[in-house]
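What TrEMBL says about this one:
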{"type": "TRANSMEM", "residues": "B:6-26", "note": "transmembrane segment"}
{"type": "TRANSMEM", "residues": "B:38-55", "note": "transmembrane segment"}
{"type": "TRANSMEM", "residues": "B:61-83", "note": "transmembrane segment"}
{"type": "TRANSMEM", "residues": "B:90-109", "note": "transmembrane segment"}
{"type": "TRANSMEM", "residues": "B:129-156", "note": "transmembrane segment"}
{"type": "TRANSMEM", "residues": "B:177-203", "note": "transmembrane segment"}
{"type": "TRANSMEM", "residues": "B:215-232", "note": "transmembrane segment"}
{"type": "TRANSMEM", "residues": "B:239-259", "note": "transmembrane segment"}
{"type": "TRANSMEM", "residues": "B:265-281", "note": "transmembrane segment"}
Amino acid sequence: MTATLETEGGNLLEVRGLTKIFGTLKACDNIDLTVGRGEIHALLGENGAGKSTLVKMLFGSLEPNAGEIRWNGQVEQISSPGAARKLGIGMVFQHFSLFDALTAAENIALSLDDDTPIATIAAKAKALSYSYGLPLDPYSLVGDLSVGERQRIEIIRCLLQTPQLIILDEPTSVLTPQEADRLFETLERLRSEGKSILYISHRLEEVKRLCDRATVLRHGKVVGHCDPRKETASSLARMMVGNEVQAVVRDPVQGMDKAAALLEVRNLSRTPATPFSIPLRNINLSARAGEVIGIAGVAGNGQGEFFEAVSGEVQQQDAANVRIRGKDAGRLTISGRRLLGAAFVPEERLGHGAAPRMRLSENLLLSRHATDRKAFLGTAGTVQTRAIATAAQRIIEIMDVRKSGPDPEAAALSGGNLQKFIIGRELDRRPAVMVVNQPTWGVDAGAAARIRQALIELARSGSAVVVISQDLDELFEISDSIAVMHNGELSKPLPIAEATFEKVGLLMGGAEPGHVEPVAELA
Amino acid sequence: MFESILITIATAATPLLIASIGELVVERSGVLNLGVEGMMVMGAVTGFGVTLATGSPWLGIFAAIAVGALFSLLFGFLTLTLVTNQVATGLALTLLGLGLSGMLGEGFVGQPGIKLGNLDIPFLSDLPVIGRLIFGQDPVFYLSILLTVGVAWFLFRTRAGLTLRSVGDNHGSAHALGINVIGIRYLAVMFGGACAGLAGAYLSLVYTPQWIENMTAGRGWIALALVVFASWRPWRVLAGAYLFGAVSIGQLHAQALGIGVPSQLLSSLPYLATIVVLVLISRNRRLTMVNTPASLGRPFVPDR
């Protein structure tokens, strides 16, 4: 023990044999990790590799089953987030731990233990935020802010506690490329001030650019330590996934201008349904047979509202607002639109895409009872159990859905496997129009590649596919053109040959003429 | 005449106000306790019984507060520690309170009660019209106003109040920040119980100093409704309670005068008027949204 202290006394954080078990699943299995002072340390791994579980143990929100955590060479029991903060560990959460109904300053005040007046905190937060180039209006209500601005609050809140170690959990997954650049500058400045950063990501390019060392996790185990600057993106990916990820193949399409428009959205506007939602402003979009249109945008810019309007979850005043295969569909319900040949995959899997407590076969019937009435239902409306079971089995095999029993409840599947089933359920109908919101969110790299390839193939077989996603890499991989949603407006689609990360990123930030400038930036 | 009407209005509004303010704090912490009626009626029977036994209405009031808090502690243990369904548990608490109080109070029926005395400030109380209204009421009336001011100040001007609101807004985030969600909710629930107990004692020691079975007569439910319609804001609860008091006293006088409106319709007026007015003032959906505790009624189980 003394030997360890002498040899590695310079390290800020040392983790030895940390293990966390949920039921029968070893989320973290005997993890070793060392973070030095003034270093940006990357924690790499796919979704479900155990990254979030590991940092939750470091931050005291989860209790390890075994293993020890050394802080400045001392063994510490981190029993609560409060204890972690006292030691000097700060965390910026992936799913923000903010309060919508409170102001930015009140949110910050909640994580400071002393009784400093809100006004003082607001002034401090404002000064600090400007000094780091992350301007923030401390009196704005969190519910009104964009995701990028919310993250600023989290970061400023964390910095005000003057931590030695800052843990960032997938910080760029919700940012525009330009916002991400600003974040990287902030992190580099923090490193130069001697602070340590534990940076969790599955984006390899940014890890290569930013991080000094990396620890790679797979299935809850450490599979390697490396210097990311000396690796290539594909060698890092191999460590993360365990084998080569099949690249998605996308043949360019010919004669697109002559193809028929299968999905048309015309002058679609919508007033906000709740105080915290976004209005849609005069959206026009036309998706033709054979093409994949990608819709990019920072989360919370109206993508969800747009999807609801197109899928029929919310109907329009004017039937011509949405046209499917040349027929007015604006006043049709979801089933009505499905009967015209459209298929929809919402973002939220449990509760929207599938009923959590119902079996897969039942979920299949729920979404296709109208379109496949003849196959799935008898003359008196009785359920044809065998036909449905056969169809479910077909989808499970084609999409390689991994599950525990023969026909489990939807909630019993992992997020990625359920998503494969939901996408497969719609693809199985060979729909003429397919609209998908966040097709691969939380899906591992292998399955994501499979889903993307399936969407491209559907388009090439003569359907129109619209993909809404926050993952720019994904959109560049599969789209024939990319449109950007910002503040409820949709830009003109950029053909993929003309689209660059920079152009799309500027549009995501609202740079196109005619777009409303974000007000909070200057406040 | 006018003065005495105003005073009866204040007396009718005070128990509603106290119970509502207590429940407001409970709901602001994210817990929905539907057992207000049960806790109130337990407070009423305790207050009456203890006063009868000791001769001191003050002892009765303190005992009622303690019993209300204790009764809510049972609710807290079930819903917060054992994570039972809040709606079902609250309803059970009401049924339990009504039954238990009927049993405990069997011997009190028909017994003459002791009224808590009014304040009497020489000279000031004798001022015309407002003298007795402002300076000559019972002490609990003043306490109810103080309670409203205090809760409004606590919720929106103190760090502890901010913490309580944060727990009601998003208990997951609050837990992630290291806030003791369950502990804060226990305290809020007990405050609500104490207030309900006090409101009940007010009924049996001031409003009508006697014990009748089920004497709360649905006031606990009105209090619950007031909190929601007042969009969880203390001053609106005060306005709602007084409006309700005013219309219910007004319609009694109207019935006594024998105007040609069916008495059933008149009896329902206080409910209608309160709902209409509070719905009108909470038309601003944005403000309502910001004030609604987003975690209300949702069970919380921290993962460790």
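Cβ coordinates are placed from backbone N, Cα and C, and glycine is handled just like the others.
All TrEMBL annotations are machine predictions without curation.
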Would you say the transmembrane segment (B:239-259) and the transmembrane segment (B:90-109) are touching, if the rule is that at least three C-beta pairs must lie under 8 angstroms and be 6 or more residues apart?
no
Quickly jot the same-chain residues contacting the transmembrane segment (B:129-156) by Cβ under 8 Å, restricted to those at least six beyond its ends, or write none.
2-3, 6-7, 10-11, 14, 17-18, 21, 24-25, 28, 61, 116-121, 164-165, 195, 198, 202, 206, 234-235, 237-238
Go through B:6-26, B:61-83, B:177-203, B:215-232 and flag the stretch with the largest number of C-beta pairs under 8 Å relative to the transmembrane segment (B:239-259).
B:6-26
Return yes if the transmembrane segment (B:6-26) and the transmembrane segment (B:177-203) have at least 3 CB pairs under 8 Å (sequence gap of 6 or more), otherwise no.
yes
Tertiary contacts of the transmembrane segment (B:61-83), as residues 6+ beyond its ends and Cβ separation under 8 Å:
31, 33, 35, 38-40, 42-44, 46-47, 50, 89-90, 93, 97, 116, 140, 182, 185-186, 189-198, 200-201, 205, 299-301
